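Participant: So TrEMBL lists the following for this protein:
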- 27: active site, proton donor (ACT_SITE)
- 163: active site, nucleophile (ACT_SITE)
- 90, 110, 144, 145, 146: substrate binding site (BINDING)
- 142: Mn(2+) binding site (BINDING)
Ligand code: PSU
Ligand code: MN
């Protein structure tokens, strides 16, 4: 028995892809597990609007009723945003096929969104922050599947760096080992999600969407597998300085350890606690950086389509 990937395209996305117009993929775990209702819906709607303003078509990706949806209707987006985290599967490479085969609903992480975007023929994807090497990974072995995915699936991912709750130096080391180009946009230093600075020099720097598009095309021409990570610093007006966010992260991390939070629950728990401890400021910054990444992704997608 052979199967075809069960993709359902929003008509607008199908049309744009058929005509070679710029399309930007968006993930859905950030909606179900990364942000609380109703800010998650506001963010999801705004991010789509920003991509349209940038001259590209947004394609939010999720698994619903056993099909991969490439682009969601406003009603489907709302329904997803209202789904409690416990009811939507958090899908990575490991669980994507099971979720679909069982006819279930799930939100796609960076890894799963890359897989689905590639199946759909979409080359650019905007998110907040990728998963990475968790602190204490030397004993927990908790390393996000996002990193392996960047090494094998040809999609350009625009993020504000890796989430600062992670072990950032180890995350960058693993990406280097896996042969993933990590490109800081417009600065020499890698950004650290809520902050522009990380103190870590970026392995690569680019200053225009055209250069990023050309680099992706060259990777393909050389027959190199995998995508590239564009690390786009949060706008200055929206950042939380490192010395302010770090103590909050430390507290959230020690609470997670004390409560025995593990595996897939770690990232959502930490983001939720940091939201509470900053009285919502971390969420405002998170939304601002996602919008900023969407803007850049639309420009990269346009450069690739040109
Ligand atoms: N970026 C955010 N919020 C999030 C995530 C990213 O601003 O919630 C999600 C992404 O879907 C990413 C996932 O792929 O967290 C990483 O989870 P893990 O560490 O369990 O691999
Ligand atoms: Mn993990």
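Just so it is clear, glycine is given a Cβ too, placed from its N, Cα and C backbone atoms.
Distances, neighbours, how buried they are, the whole picture for these features please.
Facilitator: Around residue 27 (active site, proton donor), the C-beta neighbours below 8 angstroms that are at least 6 residues distant in the chain are 60, 61, 107, 108, 109, 110, 112, 113, 125, 127. According to DSSP, residue 27 (active site, proton donor) is assigned to coil rather than to any helix or strand.
DSSP gives residue 163 (active site, nucleophile) a coil state; it is part of no helix or strand. On its own chain, residue 163 (active site, nucleophile) has 128, 129, 130, 131, 132, 193, 267, 270, 271 as residues at least 6 apart in sequence with a Cβ closer than 8 Å to its own Cβ.
Within 10 Å of the C-beta atom of residue 145 (substrate binding site) sit 16 other C-beta atoms, taking all shown protein chains into account.
Taking a C-beta cut-off of under 8 Å and a sequence gap of six or more, residue 142 (Mn(2+) binding site) has these contacts in its own chain: 133, 134, 136, 262, 263, 266. Mapped onto three states, the DSSP output places residue 142 (Mn(2+) binding site) in coil.
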Participant: Using all protein chains in view, find how many other C-beta atoms are within 10 Å of the C-beta of residue 146 (substrate binding site).
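Facilitator: Residue 146 (substrate binding site): 27 neighbouring Cβ atoms within 10 Å.
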Participant: Using CB under 6 Å from any atom of ligand 2, narrow the binding-site residues 90, 142, 146 to the ones that qualify.
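Facilitator: Result: 142.
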Participant: Sequence gap of 6 or more, C-beta under 8 Å: which same-chain residues meet both conditions with respect to residue 144 (substrate binding site)?
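Facilitator: Listed in sequence order: 92, 109, 110, 111, 130, 131, 132, 133, 134.
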Participant: With H, G and I counted as helix, E and B as strand and the rest as coil, say where DSSP puts residue 110 (substrate binding site).
Facilitator: helix
Participant: Write out, in the order they occur in the sequence, the residues of the chain not among 90, 110, 144, 145, 146 that have a C-beta within 8 Å of the mean position of the C-beta atoms of the recorded substrate site.
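Facilitator: Apart from 90, 110, 144, 145, 146, the close residues are 29, 92, 109, 111, 112, 130, 131, 149.
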